[in-house]
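TrEMBL annotations:
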type	residues	note
SIGNAL	1-29	signal peptide
ACT_SITE	HIS81	active site
ACT_SITE	GLU139	active site
ACT_SITE	HIS143	active site
Amino acid sequence: MAMAAAGTPLLSLFFFLISASLLLPGLQGSADRGVLGLSQREFDYLALALQWPGTYCQSTHYCCPSNGCCRPYALTQFTIHGLWPDYDDGTWPACCSSSEFDVKKISSLIPTLEKYWPSLSCSSASLCHGGKGLFWGHEYEKHGTCSYPVIQDEYSYFSKALDLYFKYNITDILSRAGFLATNSETYFVKDIVAALEKAIGTSPQLVCKRGSLQELRICFYKDFTPRDCGILSSVLHSSSLARSSCPKAD
């Protein structure tokens, strides 16, 4: 792909071949959200947060069996970060019940989760009720418990996130539009957004790190039809580093 003129904002989709023998890092949760408190109303919409491993895995300093960045084959597709209930005013609920994650309840989903919803860190994730645990446990306790009554239990939370992930396959959508993951190509932000708007019918939210796409979010109404991601939500959910490093859309 031809490069644009100097000074034109571009977005890099970095992709790195990663070997388990390399010394690599965990960056899990750099774009994740904090707990707001106990007084929480029912959410307004859902955001499916998808990670781009090529950017997350750039900074991996060491390997472990639980880190998807350390696999002997490269992760060449977006993976799931989480399915997050949000409010239209740009805030969000978190840790909404006393329910604790039980991996046995999703045992039939584990092979699929390991492939499409891996942890990209060697560090254990924090849990709502104290201590550390699996990345999936963090996502369910912090976000999944707030998706009630639309999503009513642990199994439904993970299966619905997977359903949305496969129905709106961002990796395939971008690939068909000519956006290939390499370590040498750069793309216009506006062209990436336009390709997603054409395929899904709504505007996504992008999160970047040092000019590279780190995370992409698709938003949904409570009936799981796509909707635009809110501007307030985009500002509040991204770190200052992520915001400042995203090229402008035009």
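A Cβ is built for glycine as well, from the same backbone N, Cα and C atoms used for every other residue.
GLU139 (active site) sits 8 Å from HIS81 (active site), taking the C-alpha atoms as the reference points. Separating the Cα atoms of HIS81 (active site) and HIS143 (active site) is a whole-number distance of 11 Å. Note: HIS143 (active site) has non-local neighbours GLY82, LEU83, TRP84, PRO85, ALA94, i.e. same-chain residues 6+ apart with C-beta under 8 A of its own C-beta.
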